[in-house]
Amino acid sequence: MSTKFALVTGCGQGGIGEALITEYARRGIHAIATVLPAEPSDHLARAGITFFPLDVTNEESVLELKARVQKLTGGRLDVLVNCAGIAYTMTAIDTDVAAVQRMFNVNVFGPMRMVHHFHDMIIKATGAIVNIGSIGGVVPYLYGSSYNATKAALQHWSNTLRVEMAPFDVRVITVISGEVATNILKNDAHRRLPEGSYYSPLAENFRQHVTRTPPRTTDRFQYAANVVAESLRSSPSAWFWYGSQSTLIRFLDMFCWRTVWDSLFWRMFDLGKLKEAHSSKAKKQV
């Protein structure tokens, strides 16, 4: 039986990628992880997992990885998992567009670049492409408009990619991830609303939001076990929903009116307090 190979991007310590690559290795698949060039990789070395440096926003970096993977696998790749991603938390009206461009470069153009350069290896193996999406790409979760936009873009691109790759017997799975216990928000913990923001009455709410530990999350290794199992099926789900809150959100998205989220998030994010503060300020200015 020939060796199977799985390549997972974004395998830094504490994230979904690390959990996914660990699960592929546990199943006897030759797991190939990537980490940022300056990112620690001791956790992968200790686990005996093959790893290479990769910056998905850099064309030369992707081409260097391709050459290494081709040499290792003989030009075939059974599974490509596009997991590398970053977050940016801010209100839509206070968004730093340059920061959002960086996020799109990683979350959207990164997977596009990987598929562009690795598709021939995947076709030769009649393999699978797994794109890690999010419930944020489905619902208007507050303070996440830009991140949500990257995931919505990824998910729609992945949806079309699935149809386009079908003639080559390549399976494309879009994973709609619920809340999973990872450290993706660690770089946002310092973020605060800009001075003078219309959202300033909720400044403390925002601070608590970016420093929060979500109360109900799915263990990342449990998540990985289910996602990997799905990716290895001969007929996987087109959209695979998994993780905390994903079942509820899937139901509401399918069967409820489009604005069902408005009232839910109005209460969850205390928007009534913001409306009162804005109305009071407007009256004083009259």
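Glycine is treated like the rest: Cβ placed from N, Cα and C.
Less than 8 angstroms from the CB of Y147 (active site, proton acceptor) sit A87, Y88, T89, M103, N107, S134, G136, each of them six or more residues away in the same chain. Among the features that Swiss-Prot reports, active site, proton acceptor is placed at Y147, with the record citing sequence analysis.
Its Cβ taken as reference, K151 (active site, lowers pKa of active site Tyr) is surrounded by 24 other Cβ atoms within 10 Å in the chains shown. Under the heading active site, lowers pKa of active site Tyr, Swiss-Prot lists K151.
The NADP(+) binding site feature in Swiss-Prot is assigned to V8, T34, D55, Y147, K151, V180, T182.
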Least buried of the binding-site residues V8, V180, going by other Cβ atoms within 10 Å?
V180
Cβ-Cβ distance under 8 Å to D55 (NADP(+) binding site), same chain, at least six residues away:
L36, P37, S61
Suppose we draw a 10 Å sphere around the Cβ of T34 (NADP(+) binding site). How many other Cβ atoms does it contain, all chains included?
30
In whole Å, note down how far the CA of K151 (active site, lowers pKa of active site Tyr) lies from the CA of V8 (NADP(+) binding site).
18
Write out the long-range same-chain contacts of T182 (NADP(+) binding site), meaning residues 6 or more apart in sequence whose Cβ is under 8 Å from its Cβ.
G14, G15, I16, R220
